[in-house]
Structures are given as structure tokens and as C-alpha cells.
């Protein structure tokens, strides 16, 4: 709906056909992002079931084990990053999305059939591989086939479908009281994605890189529609881009060059603060947070409300991305997250030391988390990933993006793993204030160091950082 409203100015027959084709194909691919979201969200309802003494399953885990159960999929995603890079170049972007179903099904089967904690952990690690495969292959596939005028809108669909997947897993937590059925339900989504991808063509960029010129031309025609007459021009531009990339492929030593190091550190900083705002630690343990808070609503219903909020926030962010600008949204996002985390910490402080006061402000956890999640979804959810694709010059993009992605999964693993132990050491309120402290530094980082890329061409961005390969000088602001 957003794409058709936003791009109604491209309403001639040719562009209307392109928008229709691209939107449907992007939807097929981004169902994989929904499968990723199911993996991220599964730990919240399943963790409550597995740590509860009233569970109807044969397994009971401790809070310490739940920390590993929640976080270990991030470690699986980290381990899968090199595999993902190999797969998109060997199997293709479409092929990787299709075959990614194999490991994730194995993982979900292990979880659903688990007889002990070890099977749960192994299953979570294997499903983590799917996260890395999908988080690399789907955005790459969508970016390579989509038409420039709707590339940004289609790209934002990945984050949106991740949140839809998280919401789906929360809803399954309400529907089922057994974690096994939740796992089986989540396993269906990747299968749907693979079946839909069988109807799609491979990326023309990948096909040309393998010397399959005729297949690349046929694929591009399917993406653009029968009335499009710019096929040869696009194919020629892709060939030139491939040749340029091969000539200027970067190595690790190139990361020391100032025009590469500056945007690289900026991207790593955004990834660090995205995770140390505590988002994954909160989402993975959402149901238990509401359970501790003693909310009048059930923990799973409260989680569903948060899941809906994520989707609304992502939609708002997609509308504002090219209007308000990246830097402005990051500053707004971190500012509201500071307030939300501080308020959440205040509630849990009173819950420990003055329960009567906490009872009077029982609404605060839900309101704080709604503000926290919606502000994250507007800014710090999608923008670090978006800017990762904008900041790097072509010759270093593959290497720098891979390192940034691996650092993100590493920090997601760390923050999720330490969440439960920290609540024991510094209590719940201390954890939220700790994340709030990191977010204060995040705000300073955004104001001081982040470069605004809104309305800038890739050449202008590269020129700003002093790239010798950029012929376009940045205009004075």
C-alpha cells in the first residue's frame, strides 16, 4: 500500500508494471525475513514455558540455561556469516534463500523433538544459521533486481517482515502452551518462502557474474515486465559495475585507509549501539519481563502489543526515512530510548524496594516498552543496516559489510547472554539503567560523528570521506 501511494507519480503503464512485478517478487523473498523474525521471537514465549514449573513439556530449564537458550541463535548466525557469503556466490541469491530451508527445518525439528537441554541448544544454533543466510541473501537479492525508484521502499520491507515474524511467534505463544507446537508453527514460514522463491528468477547481477548472459537478460525482463525497453542499458551498467568491482577488490589492509576507516568505524559504532541499547535482550525475554512486572495483562498478550508496535514503528520509519533524514531519526530514536529505559528502571526499582508504589504505576512497563520499541523501529532498527549499504565505496563494500554484520551478531549474542546474569548481580532496574547509559553515549555518538546521507548520491558520500575514486565532490551544506 505504501509503495503504491508513495510512487503514484510513476503511474504510467511501464512503471506501473515494474512496480507490480518488483513488489510481488520482493514479498516472496522477504517472507524469509519473517522466518528470521520467528527465530528471534521464539525465545520469549518458549523461555517462559520452559522455565515454568507448570510446563506440560518433559523439559525444564533454569534461568541460567534460558540465557543460553535465548542468545545462542545469535552465535549460530555469527558462525553462519562466512557460509552465507560463500552460498550467495556459489548457489546464487535465489538459490541460497531456497536451500536455507534445509538447516532451519533441521533446527526446528530438533527443538520440537527435544528431550534435553542439549537438543534445544543445538536446534537454536542451527536455526541461527538461517538468520545469517537470510539477512545477507534477501537484502542483496531485492537490491539487485528492484527498480531504483522503489528500491528504498522494498528494502525497508525486510525489517518490517522481521517484526511480523516476531509478532507471529508471540501470537503462537498465546495459541499454544507447549513450546513444541510453537516451534512447528514457526517452521512453516521458511517452507512457504522457499516454495514462493521457486516461482522467481535469479538475480541478473549474479547470473552475469557467472557468465550466463542469456539467463540474465531473461531474468531482468521478468523483473521489469514486457513493456520495458531499457534492458540492454541496465545489463550494460551491471557488467561495468562487475568489472569495476573485480579491478578494485579490497583487502584487510585497505581498511586502514582514512577514506575507508572513517565510514567503517561509523558503521561499526552504529551496530554496537544498536545492540547495546538492549533491544535483543529485551525482545528475547519480553514475556518474562512482563511476568516479573506483574502486569494486569498476560505476558503473552503484552508481548503481542509490543510486536504490533514494532510493525507500526517500522512503517512510520519507512515514511520518514527520506524526509527527516537518517541522522535526525537516529537522534530522535536514541533520545526516546533513553527516557523509556530510565522509566523502566524506575518501575523495577520501586518493585524491589517499594512494591506499593510500583502497584500504583503498574502501567509504566507496558508504556515504557511501547515507546522503547517504536522509537527503535523508527530509527536504530533499520538505519544502521541502511547506512551500511550507503557508507562504503564499492571496492570495500563486501569486506566491510561482512565485518559489520558479524560484529552485529556478536554483540547481539553478548547482550542477550549477559541479560539474565546481570539481573542477578545488579537487578532488573540496574540492567535497564545500564542499557540507558550506553544509549546516552549512543546519542552523543549520533550528534557528533554520524554523517547525514539523506539526498546524497553514493559518489557524494564517498567524496565526503575523501575517496580518490570518486569524481563527484560533495556540495557545501
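Even glycines carry a Cβ here, placed using N, Cα and C.
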| request: Could you check which of 55-76, 121-142 is flagged in TrEMBL as transmembrane segment? | output: 121-142
| Of 232-255, 328-351, the range TrEMBL labels transmembrane segment | 328-351
| message | Give the nonlocal contacts of the transmembrane segment (97-115) in its own chain as ranges (CB under 8 Å, at least six residues past its ends). | response | 29, 32, 35, 39, 58-59, 87, 91, 122-130, 133-134, 137-138, 141, 179-181, 183-184, 186-187, 190-191, 193-194, 197-198
